[in-house]
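As structure tokens, the structure follows; a few thoughts come after it.
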Amino acid sequence: MKRFAAVSLAALMLLTVFASAASAADVIEIRGPVYNGSDINDIIDTYGENNALTIDATKFAAFYYDIDDNVTTETLSILAVPGTEGNVIGEGGIVYETTIQQVDYEFYRPAAGWSNYSLIGFFAEKYIPINPDKADKLAKLVLDSDDKYTIRTGEQLDLGEGYSIEAKQVDVDGEKVWLEFTKDGEFVDDEIISVVSGSDNTWEVELDDIQDEDDVVVLRVHVNQVFQGAVDSIAQIEGLWLIDYTNAMKIESDDEFGNLDNVKINGDTLTITNEDTFTLTRDDEEEIAEGLFFKTADDTRALRFYAMKQITEPGTYEIRGEVAEGDFSWDATNFAGFFYDVNDDVSTESLTVTGLNGGNVIPEGGLVYETTIQMVDYEYSKPSVGWDQFPVLGFFAEEYIPINADKADKLAKLVLDSDDKYTIRTGEQLDLGEGYAIEAKQVDVDGEKVWLEFTKDGEFVDDEIISVVSGSDNTWEVELDDIQDEDDVVVLRVHVNQVFQGAVDSIAQIEGIWLIDYANAMKIESDDEFGDLDNVKINGATLTITNEDTFTLTRDDEVEIGQGMFFKVADTAASDLRYYPFVEKTIDGEVVDDDEDDDNVTEPVDNDTEVEEPTEEPTEGPTEEPTEGPTTEEPTEEPTEADGTTPGFGVVLGLVGLLAVVYLVRRNN
């Protein structure tokens, strides 16, 4: 009996150790249009045409799109084929198709040979066809940049994915530079580039045997200037283009991509369909292929779903709305940045442009942002114990909670709404994000109650003893006063699932957490300004903000609307207009640098006026460093005193406990 108890305790401790060590990664979801109907055929009839529902890049922000050239390559279609009924898509009813297109280099200089190149979107990633007319051999695009980078001789310019170029030497006349191209530190090619008048200043690296293709251009470098000084020898690069040729792939007709397994290649077009039926399972995410999913609502009365792509890599990402060419209106169904609850079919925000009249100037009052408080279910949805619904308000693409459920003037950001299970020992803290934490102080000897403490930035806020005996709701609500002059404001809800008092460990299991950032709550006044939106009206549960002055959609520019929301406007002729709204979302974390141990690696710097030590790493398009974003965090079950170099308290305690159990078992033998 003693051995059984000891082994059982060991198993529980081991489970707890691993539960404490686990934490959910941040995820950005880029969704397509929301489709809602009685069944799949009703949705195709309502939103599609000719028995087909088709999504392209103008509607689905994950697909590749060049707004300046209005170029898309990918489409995802649902067809009304035999077997398509209810929530089932028949065989061959999902069609993913992508076609090679020509796009301009970011460094656009046709006279110098930098005009356009072949590109194909492949499951929402940018690829380059090895053969510009065939879609079967592809390499990912690593870099397409028109930034200026300055490097000294002996320094390397990190291009990403292990590729780099080094300025070996500059000639004494300052007219030529010797560049070397490497992959993972290994030599690939080198060239002496002249910058004298009449030369195109461009180095093209051509390699053979890339997926059995020869003379494949894998790198293009345009050298702008060369400088030979008394101290420094410097090359200035403007124009970089690179493909990941070492990981090029060949697509075969018998390849499978998730649930898409019927591959057809017809010249520059790649088509992939499903050989088996595909079920849109309610309250689930079903992978289509290669990180693309259909997300379906938990609603038995209707069929509601959207296509989406999940991103987990650290970085900053643009989430855009549907592309417009004149007056337009966006809500959560066509702008993925806006808050949307698919299960409850709840959205709160809209953005409307009127009065363009063929031009690019929005008149006074023609730009209207509006948001209205709505009720949504808790993630931990248990109405019988008081976890039913709460009020929410999207505010410039972020999720906020109104301090007063009926007024949209006082808001606090939603930090956490989770139904995950978290196990903490006494003395340990559960980090809730934004400096908030709860700690299990003690468990009573009968294992029926736990004493929890709530803190902000390490300072005491409140505490409570929660009972888990039959008949109690096991929920702790923290109510605070004077939150933007409001009293009895619920700022935290915690549901305790179980309490365990063992010989070694005292443990509380939490399932159900809801938290608002009350410390940074804000009040919106009628004279507030949000970017170019400066006419604020609050009418009960609805907040409306418009522009008092005219608003110009400047071509080839990003124009801020307000609070980090922008319009991106295409570089078109004066007679045309093309634009979309977007926000940026960030996943925190460090990007692994393969060359971080090299002391002589130079990261690029964008520098037009003077020579400086390069510090900027090139990326496709604008350089974006990951920053601490305002996104909702999942709790990480780590003691706050643990750091990245030493084991957490939970792990050490678990190991000590296991050794003790082994000792007890051996002694009992």
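Placement of Cβ uses the backbone N, Cα and C atoms for every residue, glycine included.
The feature compositional bias 'Acidic residues' is assigned by Swiss-Prot to 590-627.
For ASN36 (among others), the entry in Swiss-Prot reads N-linked glycosylation site, with the evidence type sequence analysis. The C-beta environment of ASN36 (N-linked glycosylation site), restricted to residues of the same chain at least 6 apart in sequence and closer than 8 Å, consists of ILE43, ALA302, LEU303, ARG304, ASP345.
In the three-state DSSP scheme, ASN70 (N-linked glycosylation site) falls into the coil class. Marked as N-linked glycosylation site by Swiss-Prot on the basis of sequence analysis: ASN70 (among others).
What Swiss-Prot lists as N-linked glycosylation site is ASN116 (among others). For ASN116 (N-linked glycosylation site), the same-chain residues 6+ apart in sequence whose C-beta sits under 8 angstroms from its C-beta are GLN102, VAL103, ASP104, TYR105.
The N-linked glycosylation site annotation in Swiss-Prot covers ASN600 (among others).
Here Swiss-Prot flags ASN607 (among others) as N-linked glycosylation site, drawing on sequence analysis.
Summarising the annotation, Swiss-Prot assigns region 'Disordered' to 588-648.
Swiss-Prot lists 1-24 with the feature signal peptide, giving experimental evidence as the kind of evidence.
Summarising the annotation, Swiss-Prot assigns transmembrane segment to 645-665.
When Cβ atoms from all protein chains are considered, those within 10 Å of ASN70 (N-linked glycosylation site) total 15, not counting its own.
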